[in-house]
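A.B. asks: Sharing a structure, written as structure tokens. Questions coming.
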Amino acid sequence: MNETDLIIDRIAELILTCDSILFTSGAGMSVASGLGTFRGNAADIWSPLLQEPKYDYTEICDPVWFYKEQSNSIEHNTANFGYAFWIYQHHLFTSTTPHHGYLIAKQWSQLDHMKYAFSFTSNIDGHWRKSGWCDASILECHGSIDYMQCVRNCCDSVWPTNDALKLNIDPETNCAIGPLPLCLHCSHLARPNILMFNDRQYAGERYNEQIDRYEQFKMDIIETKSKLLIIELGAGTTVPSVRNESELAFKNKKWVANFVRINSSVEHSTIEDCYKNKANRLTFKLTMDALAAMTLIDQALNRKLKTAK
């Protein structure tokens, strides 16, 4: 076995010997499904932004667009242009099938010896739920394209997106055509329940419910003295929400944990020295994309299960 094969074998063993598993995932998790990251080699750029060099992802993913004048304008400075971006994102996410790695994660979570499993993700595509994970076991820390809220957060509530973002886009102006979605509770516009840049009106009702369930997951680990395995998948450093959570969970002294970091980038797969060589706490990194890594780990795991019979 080469070094990579040995690491894969060790990770498979950790899955078989842990009691609970926490998947933490960023945009890199969805690349094998055909979705892009926001930066780097796998970045997916909405084509109208190529015509507007003054805008990048951080500018278009800002709630300021929802307060602009409603107009189908070629100037790309109206609410309709901002909504067109989210219409594009909604179509992309809902029309894409989650890759096989999501099913592998679900299968690992259902192994006979596994007491608890949870998914902490910054992805807004809803693919953990789409692949069979229930809401009770997911925290979408940046929200989800599958839910809407009031642009002014009139009552902190959210509701399913359904057809609200199934609007046409004018190919000449790249603006949404037709009436923009309205809040179910007042006369203002509705927007995706996604935590955007400079966002002071994010409705936290659903997020807070997910936080409560995540806290219960952690309490269950503490009460049952479960050995936790954290598997981080495709989490970058630009917005390090997921990496921070992985590291916090790993170093938490209330439980014993091991940590696996999987990322296609050499830089992003690095684990800082301060997390290594901890008593009763192992760390492993794999520099490959999430699907490839999970497939190889699953093959090693199944070989072990077959040998054990």
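Sequential numbering from 1, following the chain as shown.
Glycine residues also receive a Cβ, built from the backbone N, Cα and C atoms like all the rest.
Nobody curates TrEMBL annotations by hand; they come from automatic prediction.
So TrEMBL lists these for the protein:
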type: DOMAIN; residues: 1-309; note: domain 'Deacetylase sirtuin-type'
type: ACT_SITE; residues: His142; note: active site, proton acceptor
type: BINDING; residues: Cys150, Cys155, Cys183, Cys186; note: Zn(2+) binding site
A.B. asks: Mean pLDDT for the domain 'Deacetylase sirtuin-type' (1-309), as a whole number?
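C.D. replies: Across the residues of the domain 'Deacetylase sirtuin-type' (1-309) the model's pLDDT averages 92 on the 0 to 100 scale.
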A.B. asks: Inside 10 Å of the Cβ of Cys183 (Zn(2+) binding site), count up the other Cβ atoms and send me the figure.
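C.D. replies: Taking every protein chain into account, the count is 20.
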A.B. asks: Hey, for the Zn(2+) site built from Cys150, Cys155, Cys183, Cys186, who else sits with CB inside 8 A of the CB center?
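C.D. replies: These residues sit around the Zn(2+) site: Gln149, Arg152, Asn153, Cys154, Ser157, Leu184, His185, His188, Ala190.
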A.B. asks: Quick check for the class: what is the C-alpha distance, in angstrom and rounded, between Cys186 (Zn(2+) binding site) and His142 (active site, proton acceptor)?
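C.D. replies: So the Cα of His142 (active site, proton acceptor) lies 24 Å away from that of Cys186 (Zn(2+) binding site).
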A.B. asks: Going by Cα-Cα distance, pick out whichever of the binding-site residues Cys150, Cys155, Cys183 is nearest to the residue listed as 'active site, proton acceptor'.
C.D. replies: Cys150
A.B. asks: Please name the residue among the binding-site residues Cys150, Cys155, Cys186 whose C-beta has the most neighbouring C-beta atoms within 10 angstroms.
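C.D. replies: Buried the deepest by this measure is Cys150.
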A.B. asks: If you draw a 10 Å sphere on the Cβ of His142 (active site, proton acceptor), how many other Cβ atoms land inside?
C.D. replies: 20
